[in-house]
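Visitor: So that we are looking at the same thing, I have put the structure below in structure tokens.
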């Protein structure tokens, strides 16, 4: 019954979104991802060589390839498919991932967690608008959440002294590497999750000896699956690169500004493209590796950056990162050609209002769940540790990047998870604290993390209101 109702909700909201977005033109990075998908389709159909396809997919090295791979079917029969096709394909793909995650959460954690995920983001209109776009945050976030479900199950096997099954380990690693192939920053999460599992295994030796070997195999599999991309991009830029190349330019632009990123002011342009073009020109003139040039550009841009200036930028980034979830919807306003001009503003206002009504309490739930320790059962303990680790990885973004509102869709599943954790803890409150088989450091880690998270939140809030 739940599956039938959930399917009806998802299909209804997706259909309404497609009607509104069916003629909406591309925005920002969507051009890059559709170009990538077109190049892959041309390579698969023999219209271009495999070498040319790989070179086009790598491009400047800023983007992971999975969004282009997932979108390639749209270009198999035409280089210029209609916009309704370009909106329908990512919408179907993202809904399929959400349905898969709903099933996994229902089977592993039960109806409270599944209901929270169905409500948010499953009933959030703003999420559906983003899901119809060529943005990697949603599929990456859903796949990362799927890997977290698997990680929790693996962790519980370890603390109970049970062997970790190969199938479970394989699903965890595949979901995690798939999330990484959509967005490079997932590498931080991957390192964190493997580190947590490794520490858990070590604290349970010798009972977990078999799990230690299997975890090592899982890590090796993850690395092996990442290697094809790393080898290809490293060969193009003649430098070891695990995921993407844009870190120096992003840091320079975010905290030095375009007025300092090109050994002085950059030419006018969008985002970090002027800095990239400048580095290419310097490389052609000097013969120096372009990544070495970009590293020098970063050093120059941040040479006079003070701590107070950096923290002020971080505060501004968090303001956009957390508190302006409808920015991307507003950016689509002038491109929504299937909606009459006089109706666009009211439609955006309605979608924004409905989204914010759900978004705000779920954001508060995420913040609260990162402050509170969860001690009503080992399963809640394990979920709490993993939620906090995943939130930390997601919240690194404003510290290293000029963040925008587009990223909330990536950590939306964490917000649903946090709400479900709080509800589960409340429902189990009468049971009292149960005997734990987990290492004692888990509870201490929760408390310490909560204090640090709260302190950082106060500093950021004070900065935002100053």
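All residue numbers here begin at 1 and follow the chain in the order shown.
Heads up, the Cβ atoms here are built off N, Cα and C, so glycines get one too.
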Visitor: To which of the residue ranges 321-346, 347-372 does TrEMBL assign the term transmembrane segment?
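Guide: From TrEMBL, the annotated transmembrane segment range turns out to be 347-372.
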Visitor: So which range, 187-203, 238-254, 255-271, 272-288, gets flagged transmembrane segment in TrEMBL?
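Guide: Here TrEMBL associates transmembrane segment with the stretch 187-203.
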Visitor: In TrEMBL, which of the ranges 43-62, 63-82, 83-102 has the transmembrane segment annotation?
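Guide: TrEMBL lists transmembrane segment for residues 83-102.
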Visitor: Quick check on the annotations: TrEMBL lists transmembrane segment for one of 114-135, 290-311. Which range is it?
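Guide: Residues 114-135 are the ones TrEMBL records as transmembrane segment.
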Visitor: Can you work out whether the transmembrane segment (347-372) touches the transmembrane segment (141-159), with the criterion being 3+ CB pairs under 8 Å where the paired residues are 6 or more apart along the chain?
Guide: no
Visitor: State the residues, same chain only, that lie 6 or more residues beyond the ends of the transmembrane segment (448-465) and have a CB under 8 A from a CB inside it; answer 'none' if no residue qualifies.
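Guide: Contacts of the transmembrane segment (448-465) (Cβ under 8 Å, skipping residues fewer than 6 from its ends): 311-312, 314-315, 318-319, 367, 370-373, 388.
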Visitor: State, in range form, which of 114-135, 141-159, 215-235, 407-427 has the highest count of Cβ pairs under 8 Å to the transmembrane segment (83-102).
Guide: 114-135
Visitor: With Cβ-Cβ distances below 8 Å as the criterion, list the same-chain residues six or more beyond the ends of the transmembrane segment (187-203) that contact it, or say none.
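Guide: Same-chain contacts beyond the flanks: 144, 147-148, 151, 154-155, 158-159, 176-177, 179-180, 211-212, 215, 218-219, 222, 242-243, 385-386, 389-390, 392-393, 396, 439, 441.
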Visitor: List, by number or range, the same-chain residues at least 6 past the transmembrane segment (114-135) whose CB is under 8 A from its CB atoms?
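Guide: Distal contacts: 2, 6, 9-10, 13-14, 16-18, 20-21, 24, 26-27, 29-30, 33-34, 37, 67, 71, 86-88, 90-91, 94-95, 98, 101-102, 105-106, 325-326, 328-329, 332, 350-352, 354-355, 358-359, 362, 406, 409, 412-413, 415-417, 419-420, 423.
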